[in-house]
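To keep things clear, I will list the structure first and then write my remarks on it.
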Amino acid sequence: MTKPAYKRVLLKLSGEALMGDDPFGINRATIERMVADVAEVSRMGVELAIVIGGGNIFRGVAPGAQGMDRATADYMGMLATVMNSLALADAMRQVGITARVMSAIAIDQVVEPYVRPKALQYLEEGKVVVFAAGTGNPFFTTDTAAALRGSEIGAEIVLKATKVDGVYTADPKKDPTATRFSTISFDEAISRHLQVMDATAFALCRDQKLPIKVFSIVKPGALKNLILGEDEGTLVHV
Ligand code: UDP
């Protein structure tokens, strides 16, 4: 069997990836399919940490939060990521993968707090670690949490799962001539004004020389392919 190209990775899943075709919330079939992909990679011996968003439940800047104090709305968004993390960890349990949820906000009765050495220990033990509650701070995003936790745990790469299979020269939905980059440097992505992750997350990855791989979570087998080092998605490199 081909050896995995990475030993430790940080996978960023957006909350919306859990919705499937539903307008909000968690779609059972979708989460089960995603977890099957994740389980396959975990069983290959890759140390896997996951940051999941909350956009399928609540977004601090969404219309539903209009008029709300921004920080309060953001805390609601972070709590939404805790719900998604619990759902994800439970779906993993159902397929025989041990996952641990660690929260950046103290909710001790529900999940354990994020403690870096403990997270590293779990990863070394082959458990999947799900980082909940983003960075624990309002005015940030879960993309930034992915860059932060990825840097903290010494991940070799941040795998940013999206609905599109990489970074394109233009929006492929609007421009049929748009082509996908197989690789692109941080500098070129900036000069071409390409949106890879939010600006804070992008800057942190760039500073830390932490590459980002943008890939499609809806394409079957994409996660496994890229873990095996195949030309999948777009690699953003230093
Ligand atoms: N959020 C936050 N700080 C963080 C991470 C998330 O305040 O460190 C809040 C913010 O309101 C955000 C919401 O949680 O809109 C959900 O996160 P995000 O939008 O990143 O989720 P995704 O788009 O990946 O589903």
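Cβ atoms are placed via backbone N, Cα and C, with glycine included.
Just so you know, TrEMBL annotations are computer predictions that nobody has curated.
Neighbours of Gly55 (ATP binding site), defined as other CB atoms within 10 A of its CB across all chains, total 22. Taken residue by residue with DSSP, Gly55 (ATP binding site) is part of neither helix nor strand, so it is coil. Summarising the annotation, TrEMBL assigns ATP binding site to Lys12, Leu13, Ser14, Gly15, Gly55, Arg59, Thr162, Tyr168, Asp171.
As annotated by TrEMBL, UMP binding site applies to Gly54, Asp74, Thr135, Gly136, Asn137, Pro138, Phe139, Phe140, Thr141, Thr142. All protein chains included, Thr141 (UMP binding site) registers 25 other Cβ atoms within 10 Å of its own Cβ.
Across all of the domain 'Aspartate/glutamate/uridylate kinase' (7-216), the predicted model scores a mean pLDDT of 96. Per TrEMBL, the feature domain 'Aspartate/glutamate/uridylate kinase' maps to 7-216.
According to DSSP, Thr162 (ATP binding site) is assigned to a strand segment. The Cα of Gly55 (ATP binding site) lies closest to that of Thr141, out of the binding-site residues Thr135, Asn137, Phe139, Thr141. As a whole number, the greatest separation of Cα atoms within the UMP-binding residue list Gly54, Asp74, Thr135, Gly136, Asn137, Pro138, Phe139, Phe140, Thr141, Thr142 is 14 Å. Residues from the binding-site residues list (Lys12, Gly55, Asp171) with a C-beta closer than 6 Å to any atom of ligand 1: Gly55. In this structure the C-alpha atoms belonging to Ser14 (ATP binding site) and Thr135 (UMP binding site) are separated by 15 Å.
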